[in-house]
Every structure is written in structure tokens, then in C-alpha cells.
Amino acid sequence: MMEPIRVVVTGAAGQIAYSLLYIIAKGDVFGPDQPLILHLLDIPPMMGVLEGVVMELADCAFPLLKEVVATAEPDVAFKDVSSAFLVGAMPRKQGMERRDLLAANVKIFKVQGEALDKNAKKDVKVLVVGNPANTNALICSKYAPSIPKQNFTAMTRLDQNRAQAQVAAKLGVPVADVSNVIIWGNHSSTQFPDASHAFAYVNGVKKSIPEALKDDMWLGNTFVESVQKRGAAVINARKMSSAMSAAKAAGDHMRNWFQGTEVGQFVSMGVLSDGSYGVPKDIVFSFPVEIQNKTWKIIPNLAISDFARKMLDTTAKELEEERAEALEIIGA
Ligand code: NAI
């Protein structure tokens, strides 16, 4: 029997966590043999709701779930954790300016960075889901200097999954037969969904997506826009933001990080830029990566068209602006 690992989910009383906790506790992320101790963090007013989540986790009778720690104390929540899903964040309220949202969240991710630094295992893998996810991840890592910067990532997997699903639907093939769609940049409306390096199996034959679709207008316009605006479309229809799909994506991201990617396949993750593809350093930017031995590596040498160059520069600029605002807010 393997030793249990400790996994923290913040925003544990919220709607993404409600789906995510099920996926984790069932064994879909860390494997069917890995016992777990779940740490659930939320804010004091949500402790009653969180108690209900704890009851439901018990009632699920998950064989892998050895213990649940529910708390409003970051120091307790982050103690000895090997994996952290930072889902909790201040939501955008009506009339709230982007800067107010950033200010509220920068403070949350500063506190959580400090608590990770003090309490978590030094090889903890951190996934930031709460928005603005890329900049929150950057701030979090700055306040956790004893943990390697590569261990802080932001989620663009939902955008990747959305993009993959749209390409599959357009081609009329199963979604699992489409690979290597890339999300570049920020998890925001400036992100660049790029299918030019992707491929699919069409009637058993491997084809590049541009070759299989033969519709560059669609790939450069409708596709890009519909992925960028998919979150808003879900809110319009559901009157609530994406939750089930966000939870599935968070599980996919962490599963690949712990268990690796398949040979020849890459996935998109917001990671600290090392200057690859002419992207400025010191922003958390979504790149295509492959993962082995729990270590991600940016896929090098992909051809970047003039169109792609413009899109990469636009989303990088937005991230530089967010970083400048965030650093100003915390007085760094
Ligand atoms: P929600 O509002 O249902 O839940 C958020 C939870 O976080 C609440 O229970 C709240 O009390 C808690 N929380 C707030 N501040 C906290 C703190 N300092 N410490 C711990 N918990 C705290 O929101 P939902 O739908 O679960 O979404 C969570 C976040 O994920 C939002 O910021 C949302 O914008 C973001 N998101 C990101 C996506 C991505 O692709 N990166 C996709 C979808 C959502």
C-alpha cells in the first residue's frame, strides 16, 4: 500500500471544487493506487457549506480517501501538501473594475504563496485556477521563494479542451482523435488558440488539422473567437460560469503533471516564461509542454506564422500590463 499524499483544494465550498473533489477522490488524477488526504480551504463564512461538502465526501465512500481536513486557516490547509489546486478567488462583482478584481486577488495569492512557502512540501505542484489565473500564479510564486518557480502553473487546459472539442466537431471525428491544439498566452480573451500544429486521425489516417480541414478562414477567425468567448457563452446559457468542465480540466492538468504526457503529444499550461518563442520573461504564459518525471518542458522550434506572432505579442503585452498593475498593488 502506498503512503497517502496530501492534496489541497482552495475555494473548496465553491462550484468548481464540487466537481473537482469527486474527480480527485475517485483516483482520476493521482492514480487508482494512490491514497489521499484532502485538505479543503475556504473562507470563514463558508465553513457551514464546507461541512456539507465534507459530509458528502464521506458519503461517497471513496476507498482512496483516508482523511479530510476542512479549514479556513491557510497554515493548516497547506501543511505538507504535495499538490495544490488554487481554485478559490474573489469573483468579479457587478460594477467592479478589472483593477479592483486584480487587487483583491493579488492579496489572496500573496497570503497563499507565503503559506505554501512555510508549510508545503518543497516539491509541491501548484495549479492556479482562480482568475486572473496567470498573474495570480506569478504573484503566488514570488511569495514562495523556497519552492522552485517551475512548480507554479496556471490553467489553460479548459481552453485547450474547448479548442480540441471544436476542431473534432468541425471535422466530425471523436474528440480523442484530435491532439496538440495549443493555447498560447493568457487565460483571457486575448489567448491564442492555435490548431496549426495539431493533428487528427481521420478514417484511421493521421493528418495535420489545416490539411484535414482545408479551411484557414475558419481556423484563423471563427475558431479563435469561439474558443476565446466560450466561457461567456456558457455563462449566458447556464447563468453560472463553467464548473464541471473547469474541474475536468484541472484534473487533466494535474494528472499529466504527475503521470506524464504521451509520447508525441503536448498539452498547454501557463508556466513561467523563459523567453521561448520571443515571449518576455517573468510572466506566466501558456505554452505547449511535454511532461516526464513530473517535469514539464516547453516544446521547442514550432514554426510561428506572422499571424501567430501578432497573436502571441498581444496576449504577452496584456500579461505584462497585468504584472505591472499587480506589482504596483502589492508595492513591489
Ligand atoms: P465560486 O464562487 O463558486 O467558488 C469560489 C470559492 O472560493 C468560494 O467558496 C469562496 O468562498 C472561495 N474563496 C474566496 N476567497 C478565498 C480565499 N481567500 N481562500 C479560500 N477560498 C476562497 O467560484 P468557481 O465557479 O468555483 O470559480 C473559482 C475561480 O475559478 C474563479 O476565479 C473563476 O473565475 C475561476 N475559473 C477559472 C477557469 C480557468 O480556466 N482558469 C475556468 C473557470 C473558472
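Using N, Cα and C of the backbone, Cβ positions are placed for all residues, glycine too.
Curation plays no part in TrEMBL annotations; they are all automatic predictions.
Feature annotations, reproduced from TrEMBL:
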type	residues	note
DOMAIN	6-152	domain 'Lactate/malate dehydrogenase N-terminal'
BINDING	D42, N105, V129, G130, N131	NAD(+) binding site
BINDING	R92, R98, N131, R162	substrate binding site
DOMAIN	156-327	domain 'Lactate/malate dehydrogenase C-terminal'
ACT_SITE	H187	active site, proton acceptor
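Features per TrEMBL, on structure.
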{"residue": "D42", "record": "NAD(+) binding site", "Cβ contacts under 8 Å, 6 or more apart": "T10, G11, A12, A13, G14, V49, L50, A70, A72, G88"}
{"residue": "R92", "record": "substrate binding site", "Cβ contacts under 8 Å, 6 or more apart": "L101, N131"}
{"residue": "R98", "record": "substrate binding site", "Cβ contacts under 8 Å, 6 or more apart": "none"}
{"residue": "N105", "record": "NAD(+) binding site", "Cβ contacts under 8 Å, 6 or more apart": "A89, M90, G130, N131, P132, T135, N136"}
{"residue": "V129", "record": "NAD(+) binding site", "Cβ contacts under 8 Å, 6 or more apart": "G11, I16, F85, L86, V87, A89, M155, A246, A250"}
{"residue": "R162", "record": "substrate binding site", "Cβ contacts under 8 Å, 6 or more apart": "P193, V227, R230, S245"}
{"residue": "H187", "record": "active site, proton acceptor", "Cβ contacts under 8 Å, 6 or more apart": "N131, P132, A133, N134, A154, M155, T156, L158, D159, G270, S286"}
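Checking the binding-site residues R92, R98, N105, R162 against ligand 1 with a 6 Å cutoff on the Cβ atom leaves no residue at all. In the predicted model, the domain 'Lactate/malate dehydrogenase C-terminal' (156-327) has a mean pLDDT of 97. Most Cβ neighbours within 10 Å among the binding-site residues G130, N131: this distinction goes to G130. Residues in the domain 'Lactate/malate dehydrogenase N-terminal' (6-152) partition by DSSP class (helix H, G, I; strand E, B; coil) as 68 helix, 27 strand, 52 coil. In the three-state DSSP scheme, H187 (active site, proton acceptor) falls into the coil class.
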